[in-house]
Amino acid sequence: MVLETSFEPCDFVLFGTKGDLARRKLLPSLYQLEKADLIHQDTKIIGVARDSVTLDEYIAVVKENIEKFGGEALCDETWQRLASKLDYVQIDMKDIDSYNEFKEHVDESRTMVCYLATPPSIYGDICKGLNAAGIIDKSVRVVLEKPIGHDLETSQIINNQVAEFFDESQIYRIDHYLGKETVLNLVALRFANSIFATNWDHNCIDHVQISVAESVGIEGRWGYFDEAGQMRDMVQNHLLQILTLIAMEPPTTLDADSIRDEKLKVLKALRPIDASNVRENTVRGQYISGFVKGQEVPGYLEEEGANERSETETFVALKVEIDNWRWGGVPFYLRTGKRMPNKVSEVVIYFKRQPHNLFKESFSQLPPNKLTIRLQPDEGVEVTVMNKVPGLTTSGNMDLQKSKLNLSFSEAFKDERIADAYEKLLLEVMIGNQALFVRRDEVEAAWKWVDGIFSAWNASNEPPEPYQAGTWGPVASIALLARDDRAWYESRIGKKR
Ligand SMILES: NC(=O)C1=CN([C@@H]2O[C@H](COP(=O)(O)OP(=O)(O)OC[C@H]3O[C@@H](n4cnc5c(N)ncnc54)[C@H](OP(=O)(O)O)[C@@H]3O)[C@@H](O)[C@H]2O)C=CC1
Ligand SMILES: O=C1O[C@H](COP(=O)(O)O)[C@@H](O)[C@H](O)[C@H]1O
């Protein structure tokens, strides 16, 4: 099947162009797309914010941000091409009347992409403003940032506000992990390789671990983060999306709804965690001061702007069961936290042990095969296998050792630059492919499951467990696996990155 996408000029409108996300991620990504010649020459990029600045001043600010956050020296030719596409409109996004001024800047005869890099609380106002100005039709696409809402109820309110003006086919809900090369590679690995496709269930897999560790703290976003916490900021979206790609049934095609239908089934099959099982299946933590990469860092409650009594979690570990035929009895262990020793995201699939050991002389118990998918950094795929140590012996036995088959992206694809997730997603919105965006029913199924955990935590009235910055979280997270006679895979602990 050929996906229906098109590379045509559009008006790409960046609401919130002066915000943190736009400055650090979206503008540098647009620059990279321009560099790769992936923005149509007639496309216009319109920044929207409430500052009163001239177009020249705006262009200077965009340049400054791309230089600061782009991670490489600016190529003058690329920059000139991008700068020539820029436009700026000053409006108060809550003021419905101001959208008439905005209307003057767009060409209604072509596709308009509205990227809402703003707090979700004003998504509804923006939609109303665009509607009042009479510029919404079927060719308009709207991009929503995560997390959408605070829980199922508030996410439904926001989704309803947007749905009043846009069909689901026009709504692109971002989860930037779905734009990461290595996350996308999960689909390739599973469905393009029979060696994995045929061994991907409870018959062959013992358990799965998904770790997304960050060494940063909350990076000056206390106001936002304290309302959200690590569960809403990372688990409800990124970790559950990774889980669905690992656990879903084969989609019939790569088109958006085939994939999203299968992901949704997984979210609906997650076993609820409630007051009856929350203690044995969850751990939440909050960092106290410590050292990360040799630098002393403050605790969460000492961060700038902090409320000293906050009980917001900065670390979560979960044991997740999927109640379906494929995954019955195979736990998925998830963990994510701020201020961990390294930034490391990886998926480790532990296969079942061999039913009988022929090599007792060498190994009293044969270790299981492991498939490690390094999402970031040092992107790659690694399989741990048992191998005969070469050599002659008189004992008649074979010496075995554990070896690794390692595919390192940086070595295998030396000449390919790994694109940032936002580059991929911005391109997909511009060409009109929804496959890498989250459908409303997925967001709601994820919230429903996460809300159950929050209810149970709230009922338990227990504060998060403290952990020292620069460690792998509270000891209880080790106990979560130890109870099942398992341990977190920590191959990359201690490596400086
Ligand atoms: N920052 C990040 O790393 C990530 C952010 N996100 C999501 O992206 C979205 C944006 O986040 P972020 O960039 O951090 O937030 P910021 O607060 O930094 O940026 C939001 C921007 O929206 C503008 N804005 C807000 N209200 C109005 C208004 N009434 N009229 C005009 N402009 C307005 C703000 O303008 P002003 O500066 O004038 O107040 C600000 O520039 C959020 O939904 C967030 O959850 C998702 C993943 C990561
Ligand atoms: O969405 C978010 O993601 C980042 C982590 O993203 P990564 O691509 O650097 O792994 C996280 O730091 C931030 O708090 C969260 O909002």
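Glycine is treated like the rest: Cβ placed from N, Cα and C.
Automatic prediction, not curation, is the source of TrEMBL annotations.
These numbers come from a predicted model, not from an experiment.
From the candidate list GLU153, GLU214, GLU313, the residue TrEMBL records in the substrate site shared with HIS176, LYS180, ASP233, LYS338, LYS343 is GLU214. Only ASP233, in sequence order, out of the binding-site residues ARG50, LYS180, ASP233 have a CB under 6 Å from ligand 2. Here the Cα atom of LYS146 (NADP(+) binding site) is found 18 Å from that of LYS338 (substrate binding site). Among the binding-site residues ARG50, LYS180, LYS343, the residues whose Cβ lies under 6 Å from any atom of ligand 1 are, in sequence order, ARG50. Taken as a whole, the domain 'Glucose-6-phosphate dehydrogenase C-terminal' (188-488) shows an average pLDDT of 94 in this prediction. The shortest Cα-Cα distance from HIS238 (active site, proton acceptor) to any of the binding-site residues (ARG50, HIS176, LYS180, LYS338) is found for HIS176. Of the listed binding-site residues, namely LYS146, HIS176, LYS180, LYS338, LYS343, the sparsest Cβ surroundings within 10 Å are found at LYS343. Cα to Cα, GLU214 (substrate binding site) and ARG50 (NADP(+) binding site) are separated by 33 Å. Between the two most distant C-alpha atoms of the annotated substrate binders (HIS176, LYS180, GLU214, ASP233, LYS338, LYS343) there are 20 Å.
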